[in-house]
Amino acid sequence: MAILHFSLPLIVSFLRPHASPRFFLLPRSLSQSPFLSRRRFHRTSAVSSAAVHHQSYRNPDDDVTRAVSVPTFQQAIQRLQEYWASVGCAVMQPSNTEVGAGTMNPCTFLRVLGPEPWNVAYVEPSIRPDDSRYGENPNRLQRHTQFQVILKPDPGNSQQLFINSLSALGIDVTAHDIRFVEDNWESPVLGAWGLGWEIWMDGMEITQFTYFQQAGSLPLSPVSVEITYGLERIIMLLQEVDHFKKILYADGITYGELFLENEKEMSSYYLEHASVDRLQKHFDYFDEEARSLLALGLPIPAYDQLLKTSHAFNILDARGFIGVTERARYFGRMRSLARQCAQLWLATRESLGHPLGVASEPVPPVCHRAALEKVAEKVSEDPRSFIIEIGTEEMPPQDVINASEQLRVLVLELLENQRLRHGAVKAFGTPRRLVVLVDAMSSKQLEEEVEVRGPPASKAFDDEGNPTKAAEGFSRRYGVPLEKLYRKVSGKTEYVHARVTEPARLALEVLSEDLPGILAKISFPKSMRWNSSVMFSRPIRWVMALHGDLVVPFSFAGISSGNVSCGLRNTASASLLVQNAESYEDTMRNSGINIEIEERKKIILEKSNALAKSVSGRLVVPQNLLNEVANLVEAPVPLIGKFKESFLELPEELLTIVMQKHQKYFSIIDESGQLLPYFIAVANGAINEDVVKKGNEAVLRARYEDAKFFYEVDTRKRFSEFRDQLQGILFHEKLGTMLDKMNRLKKMVSKLCLALKIDEDLLPVVEDAASLAMSDLATAVVTEFTALSGIMARHYALRDGYSEQIAEALLEITLPRFSGDVIPKTDAGMVLAIGDRLDSLVGLFAAGCQPSSTNDPFGLRRISYGLVQILVEKDKNVNFKRVLELAASVQPTKVEANTVEDVYQFVTRRLEQLLVDNGVSPEVVRSVLAERGNNPCLAARTAYKTEKLSKGEMFPKIVEAYSRPTRIVRGKDVGVGVEVDENAFETPQERTLWSTYTSIKDRIHTGIEIEDFTEISMQLVEPLEDFFNNVFVMVEEERVRKNRLALLNNIANLPKGVIDLSFLPGF
């Protein structure tokens, strides 16, 4: 089979020097096969002001891009090989070891490391045991075929090269909805990550496109572009078949005839017969072998052994042996090997002198002063609009919103700081552009008189008051007559000053200097490099800046500004000449681009609602989905699609998550709130609506066929039967399986109910729910759609006749799942959620899995944050250390007291974070947690109230009142257990203070509310003031002195268990 699969004509470009290195990889006629350079080479700037990179390379006479027939599977591989060879790639061979993706082939992982250029393309059969479906699922295979491309360094037009490759496959890119949808890729095994996209065609992911930032835990320079095609998906779409086995592989033979039996037998092995014990040993053997090879200085065979460990792990995972936490441990072992292989490979290539050469960094363009002077000659006196547009490859939706507003604020600050008068300042954003438009901006600055400081007066004038050379120099520098200088004291020194009128500089000159700086200030949650020192959300490909009809000349990220923007990808107007800033909005509108975010939302809602009404339905519009979809498109085109009504028999949550999360579709419901068999997809730009609608329907059908397959597998059993399957899912090597974890939870719940003061009548419900907890982790649906954990547990429990209370608790054990998520509503769900998190925290800390400052592979920060969120929002007072000890008592390994204390401190820091996130000052938080951290609910309530009280009149007074006795007794030998002797009092102030203390001390206790503590403590303010005004504490007579210290010590200790006031301002 392997011979059939890969005995294809190859066009192999050997690595040899060529005379004329080129910047762009451009399609050439297929008879030509350019070679990759072995020499050091230099790339010119990525983009010029003429937007060279936006040229359309689609030539109707070119063999690569003209319309071609639908290819067979074999022809598709041939066409991609020929196309990428024609633009300068060497066509390589697949790995001879099982890999889960083309990324793991040494041609990618090892070759993206280091400075050597590398442009390759190859087919990679990717083995994923977890996707085994016996050939029954139409869209899932344990061995699927990727086509992998690596471009190193980024040529600057890699997106266009990819789109041209689709044309080479025979795809009409003007008819289809081709989109770049955010995908932040990472490989925990390889210590690799990058930013880029899933590339969708009519809603189906056909390719992954990534700018590698790191590999082997090492930063990459230069950055490589990875393009990974999913060939089965693409060919099914092109051949319009609904099952992989129907793909025409070559003339007269189908994919199924070649590979269906392989799918059946390998699925049987991976899912049923693979020996877990032997595979664990294999993993250890391969790991040991890799380390021995690394010690011998052999990175290539060592990496081959790493690939074998990865495949062994994947089979163990498919057998259901790897739990969430154990996964992180295996990943850590493999990541360590990957890092060592990477380091050794780099050292080896360096020792060889980098045989393929060194990729040079681009030289940034220089904004010559002469260019600015030339433009300045054309400046008019009249105010004109100013426009700046930062053109990028597709940014993530949230980045569009945040960055466009940041740019608006930064431009506004620049205008104010530089004294440039202006009208309205508006921000716009689309996936490919950040825009700020300023109305009526003046052509030059306002003049301003400012005070400038010169030399000290003692140096500016001699003893007789005559100006020195220092004064003359200062006068000359600012053009101010000597007699206009004046003296002014600053601090303890007298200086010479002068009033100076700052000249009005041209706006063009000021903007040219300052714009690069403000663009560099735009920040993103995740930024990337693309062979430039600049970090940005995605690569910047053009910059347009105009004041009126004049270009504001500057450079940023290796790009010079100009007056050219870019149109929609799938239109003829790839480049748009903007005549002046005033015409920008019309230019965009006429090209079909809607730059206003709110306007795009409005278009989506209006057209989608109309489409929903056309089928007697109502649109379901989650706000976060609308925000996302509106910023995935520049020209929204809502389309209505239909799916088979039989799919409505699946759980609504399953259908909805596929539509909304996976496909970004809006669902449609009837008047009663039931799903209708329709959806709304939002396409982008000028497309063939029938083609795109048909494609999206096919994609959703495939998704729902997957979901149906998983659901039918699950419903062959009762839900309780999945409980025993948890025995096959490892939680952690030292903590046992998920079944062991569930049993620990069962042991905890009765005592936990008592600690949380839960009604004892609810205990049977909690215990029954605990016996089923987490069972859905063994179901096929949750394995595939992990976000449905808990949701499917509730569904399957209700389906099997369990009570609503039990079913709801099975959902709520997972809550909250993320920041801002809801918390459990029922007490039964709350007990399970708290117990599960306590078990995870104590167990994993005991197993040595504490997070570091930079790494939290088990998500313990999220778990603990959710735990305190539940306790606080459910208003449950609990002795936290006691419930930690309860969790410690059921662990399979001994938990030391210091481990419990470590968990306590760790969770307390999360509580501190939660309170600060909710607006409590850090000082107040620390003061409360120092005394009440063991009861998170009471601590939070105290912190919120203290924050409010601290802004009033009463609370600062008691802070000051308690501060004086505390400071006096601090460090003094007051004596342990020394009691106050009333007979030792010598003054009425002592007696009054003691009397006040004794009247309130029993009313202040560890559970008192802070407002009551404050009100009661106010009774001490006046007696304390009288005491300190009239009584000297540290008298000579020891008996009196110690008695007074004991009195003050008793008062200083009153806040203990309530609040530590020493953390607060004014103490």
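Our numbering is plain: 1 for the first residue shown, then up by one each step along the chain.
Glycine is treated like the rest: Cβ placed from N, Cα and C.
According to Swiss-Prot, the protein has these features:
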| type | residues | note |
| --- | --- | --- |
| BINDING | Glu513, Asn624, Leu625, Leu626, Asn627, Glu628, Asn855, Asp856, Pro857, Phe858, Gly859 | substrate binding site |
| BINDING | 589-596, 619-624, 744-745, 859-862 | ATP binding site |
| TRANSIT | 1-50 | transit peptide |
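This view paints the features noted in Swiss-Prot onto the structure.
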| residue | record | DSSP class |
| --- | --- | --- |
| Glu513 | substrate binding site | helix |
| Arg589 | ATP binding site | helix |
| Ile595 | ATP binding site | coil |
| Val620 | ATP binding site | coil |
| Leu625 | substrate binding site | helix |
| Leu745 | ATP binding site | helix |
| Gly859 | substrate binding site | coil |
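With respect to Arg589 (ATP binding site), the closest of these binding-site residues in Cα terms is Asn627, chosen from Glu513, Asn627, Asn855, Pro857, Gly859. Cα distances from Leu745 (ATP binding site) to the binding-site residues Glu513, Asn627, Asn855, Pro857, Gly859 are smallest for Gly859.
Comparing Ile595 (ATP binding site) with Leu625 (substrate binding site), their Cα atoms are 19 Å apart once rounded.
Closest in space to Asn627 (substrate binding site), of the binding-site residues given as Gly592, Val620, Arg861, is Val620, taking the CA atom of each residue. When other Cβ atoms within 10 Å of the Cβ of Asn627 (substrate binding site) are tallied across all protein chains shown, the result is 15. For Leu625 (substrate binding site), the same-chain residues that are 6 or more apart in sequence and have a Cβ closer than 8 Å to its Cβ are Gln660, Lys664, Phe666. Taking all protein chains in view, 25 other C-beta atoms sit within 10 angstroms of the C-beta of Leu745 (ATP binding site). In this structure, of the binding-site residues Arg589, Arg861, the smallest number of CB atoms within 10 A of the CB marks Arg589. Of all the Cβ atoms in the protein chains shown, 16 others lie within 10 Å of the Cβ of Gly592 (ATP binding site). Counting only the Cα atoms, the space from Asn855 (substrate binding site) to Arg861 (ATP binding site) is about 10 angstrom. Taking the Cα of Gln623 (ATP binding site) as the reference point, the closest of the binding-site residues Glu513, Pro857, Gly859 is Gly859. Within the same chain, the residues at least 6 positions away from Glu513 (substrate binding site) whose Cβ sits under 8 Å from its Cβ are Phe554, listed in sequence order. The Cβ of Gly859 (substrate binding site) lies under 8 Å from the Cβ of no residue that sits 6+ residues away along the same chain. Of all the binding-site residues listed (Ile595, Val620), Ile595 sits in the most crowded Cβ setting, with the most other Cβ atoms within 10 Å.
Counting in whole angstrom, Gly592 (ATP binding site) lies 45 from Pro857 (substrate binding site) by their C-alpha atoms. Sequence-distant neighbours of Pro857 (substrate binding site): residues of the same chain at least 6 apart with a C-beta under 8 Å from its C-beta are Pro188, Ala328, Phe331, Gly332, Cys849, Pro851.
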